[in-house]
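All remarks here apply to the structure that follows.
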2 protein chains.
Amino acid sequence: MLPKSVRHIDGELWYSVYEGDNASLNYRVRKILHEEQTPYQHLMVLDTYDFGPVLVLDHILQTTTLDGFIYNEMITHMPLAIHPEPKDVLIIGGGDLGAANEAVKYDSVERVDMVEIDEAVVRLSRKFIPGVAGTGELDPRIHILYEDGVKYMAEADKQYDIIIIDSSDPVGPAVELFSQPFYEQVHKRLKPDGIMSCQSLSPVFNMFYLQHIRDVLGLFFNDVKTYSATIPTYNGGLYSFTLGLKKPPRDYKGLEPQGENRYVTPAILEKSFIQPLYVQEDLKMEEIHDV
Amino acid sequence: MLPKSVRHIDGELWYSVYEGDNASLNYRVRKILHEEQTPYQHLMVLDTYDFGPVLVLDHILQTTTLDGFIYNEMITHMPLAIHPEPKDVLIIGGGDLGAANEAVKYDSVERVDMVEIDEAVVRLSRKFIPGVAGTGELDPRIHILYEDGVKYMAEADKQYDIIIIDSSDPVGPAVELFSQPFYEQVHKRLKPDGIMSCQSLSPVFNMFYLQHIRDVLGLFFNDVKTYSATIPTYNGGLYSFTLGLKKPPRDYKGLEPQGENRYVTPAILEKSFIQPLYVQEDLKMEEIHDV
């Protein structure tokens, strides 16, 4: 039996990812490389014609071989390029290893703790999506803990320079990662000049969640900044990330991403804070209006 | 019988727009509002749940009620905001009237000639997509000629400040609008400080056409600049436009779009010249690398 998001159409396999009830992106699939129900979620790896092998959790597209670098570079380089000397990095989620691999491009980074609830995500990303997860030995600075990110945040006492919340969407195991108590813990676990970044969904289809994240971060952080990128395989194209910074607001200019990259440049990081007018108006973003 | 791009799935109508053979965007459809074979193309107006009434030509999505403003503002405001005093504007295509309605937001504009081959596009856009085409009387500065744009360019002797090539994709009636002889005519019909803009397709899926347009414009114009926007209803999200300028290159900064808008701001116009690194590399865009 086919997984519910994969169907035969005219003799071909197609995977559909829905945004609400009324729109979907569809990919022609060469083969279902892997399918399992883990203790936490339904997991598939599909070999698509246009985007190569892709990771799908609870039927939502997470990472593709072809454009996975966009999301991973954007969620990681922004906080690391803003921070003057990031040493200790924590990633909550991030099982495809993309964010961890970006973080270790920074010379100052000494240790990356990656707390992923589901070891199957790491195992299968390493096996099927090496373009994102990397090949060969992991960078020795990356330490993977297979644990519940919420539990880790509540119990750990380590302080971090950077915390990246690289979660799936707020369905399934990631729901609590969008809650106020969790962000309060994130704030506590950051050093005085610490910075967090998180994915904050599509401003086109999920403005509710983006606004919620901005409101909740505003309770704890001195500065909250939303930035965006265009990700072809996410519904709506436009995708948002949000920063929480412990220090007072400043101009985030002259940012220098480190390493060999494919999406980010100094200019791309800087311009990603500028949103189309309709997004600014929806978010009442006075602070970046007509920058 | 249903049009070939509309099908029943689980008792619902869905419209599919394909990008090549391997990816499609799908919209749940409330109703087919109109369908006809015009002398030039297959035309549909579909009432979609998420994007309202949408115009579809030869089964390719052209304009939606919800996000049509993004494309129309971007193709129009950029050349008009760069030009010091645009008076005479020519639009080739643009039958949804979106570009013409944007152009008359500029106080200096005295006349907009819109050359649309297919009167059905104008008629049905006015009837079904007033959010783009406008309601009530047209601005008296807008003059519609129902004529072949290629023929008009070859025969007219009028000179313009701005020429906007608001064509459909290079299939069907628009093929010649992507040819070298046509761009040469556009160059001839522009005044010495004239500027043209055109849609140059998706850098994600149609890099071939974008590169072709840049190469051909480079034969005639002193400066060629590609800029981009994120358009949710176009496959790949990222969409490109290209300018040809008769005058030598300069910094296109401090641009002030006129009128009440929903996408463009000064900062949005300026940042739209900055492309993600993978696009810059594909296009060998030395001139904007790491702006």
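Cβ atoms are placed via backbone N, Cα and C, with glycine included.
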Same-site residue for S-methyl-5'-thioadenosine (record: TrEMBL; known: A:GLN41, A:GLU116, A:ASP148, A:GLY149; options: A:PRO84, A:PRO86, A:PRO173): A:PRO173
Of the candidates A:ASP88, A:ASP96, A:ASP251, the one that TrEMBL places in the spermidine site of A:ASP166, A:SER167, A:SER168, A:ASP169: A:ASP96
Mean of the pLDDT scores, which run from 0 to 100, over the domain 'PABS' (A:12-246): 95
Candidate nearest A:PRO173 (S-methyl-5'-thioadenosine binding site) in space, where candidates are the binding-site residues A:ASP96, A:ASP166, A:SER167 and distance is Cα-Cα: A:SER167
A:ASP148 (S-methyl-5'-thioadenosine binding site): tally of other CB atoms within 10 A of its CB: 18
Neighbours of A:ASP96, A:ASP166, A:SER167, A:SER168, A:ASP169 excl. site residues, C-beta within 8 Å of centre, spermidine: A:LEU57, A:GLN62, A:GLY93, A:GLY94, A:GLY95, A:ALA174, A:GLN199
Alpha-carbon spacing, A:ASP166 (spermidine binding site) to A:GLN41 (S-methyl-5'-thioadenosine binding site), which is rounded to whole Å: 16
Conformational class of A:GLN41 (S-methyl-5'-thioadenosine binding site) under the three-state DSSP mapping: coil
Proximal residue to A:GLY149 (S-methyl-5'-thioadenosine binding site) among binding-site residues A:ASP96, A:SER167, A:SER168, A:ASP169 (C-alpha distance): A:SER167
